[in-house]
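The structure under discussion appears below in the form of structure tokens.
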Amino acid sequence: MLLNFYKYQGTGNDFVMIDNREDVFPKDNVKLVSFLCDRRFGIGADGLILLENDKTTDFKMVYYNSDGRQSTMCGNGGRCIVAFANYLEIVDKNTSFMAVDGLHHATLENGIVGLEMQNVNEIKEKPNSLFLNTGSPHHVQLVDGLKDFDVRKEGEKLRYGLYGEQGSNINFVGQAGEDTFNVRTYERGVEDETFSCGTGVTAVALAMHHSGKTKSNTVKIVTPGGNLEVKFQNNGNGYDKIWLTGPAQLVFKGGIDVES
Ligand SMILES: N[C@@H](CCC[C@H](N)C(=O)O)C(=O)O
């Protein structure tokens, strides 16, 4: 069958996007998803996202990593699917949608998408790092010489060594200013460094505030794929009103022959 797809990117974190409102996609086909995400034999992407109907909100997001398996929340994917829903004329400038971690509100203006993330009530302090869940699990670690750091090698070591089978995404951080951080992320399920990770930069912003590295509740993050901003409120017990904001763009669209 001919499968129509749309390719999106948000700060270089890229996704195959499929309109699955008519239930056309074989959702349990791990091989098919990993083939579509393959950069040499398929379309190429860090993940695949289905846009589906939802009973109570504008649409539902179903996220797969490039390994072909459904996973936890994807922040950049969440921003991209809002741009996709706008392209499909399902939503205008404000929307609410359902994802694996619950309800998300979002805004869209001139290609910039703001996405409200789930509240974070726990940040675990470890010897050289912090661990928190922003919809997906994240290890956050400050390192020297981030530019030349071997993110793949060190990320893989920690992802399996510290977090076992379940794993975690691993974020390496360098402070660039009072409210600005450089971030490089090793992503679980991609098993490599990606150009940017939305739940990851959200985790970094909160972790840096929690550990006193910044006093600002608007944090600028520089990733290899571009710039993001994370705003939040510290409520004493944790963080709420967390908004991740940055660009999300349609790159190209097409059709691909797949076995039905
Ligand atoms: N790229 C994503 C994170 C996707 C989920 C992650 N790989 C996992 O399985 O935990 C983002 O932008 O948040």
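Backbone N, Cα and C atoms are what each Cβ position is placed from, and that goes for glycine too.
Record features, source TrEMBL:
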BINDING   Asn13, Asn65, Gly75, Asn76, Asn169, Glu187, Arg188, Gly198, Thr199  substrate binding site
ACT_SITE  Cys74  active site, proton donor
ACT_SITE  Cys197  active site, proton acceptor
Query: Using the residues the record lists for substrate (Asn13, Asn65, Gly75, Asn76, Asn169, Glu187, Arg188, Gly198, Thr199), what whole-number Å value is the largest Cα to Cα distance?
result: 15
Message: Neighbour count, 10 Å Cβ-Cβ cut-off, for Cys197 (active site, proton acceptor): what number do you get?
response: 34
- prompt: Counting only other Cβ atoms and using a 10 Å cut-off, which of the recorded positions Cys74, Gly75, Asn169, Arg188 scores lowest?
  reply: Arg188
Field: Env. residues of substrate site, Cβ within 8 Å of mean position of Asn13, Asn65, Gly75, Asn76, Asn169, Glu187, Arg188, Gly198, Thr199 Cβ
entry: Asp46, Gly47, Cys74, Gly77, Ser136, Thr185, Thr194, Cys197, Gly200
Statement: Around the Cβ of Thr199 (substrate binding site), other Cβ atoms found within 10 Å total 29
Pairwise CA distance, the residue listed as 'active site, proton acceptor' versus Cys74 (active site, proton donor), rounded so that it is a whole Å: 8
Message: Measuring Cα to Cα, how many Å separate Asn13 (substrate binding site) from Cys74 (active site, proton donor)?
response: 10
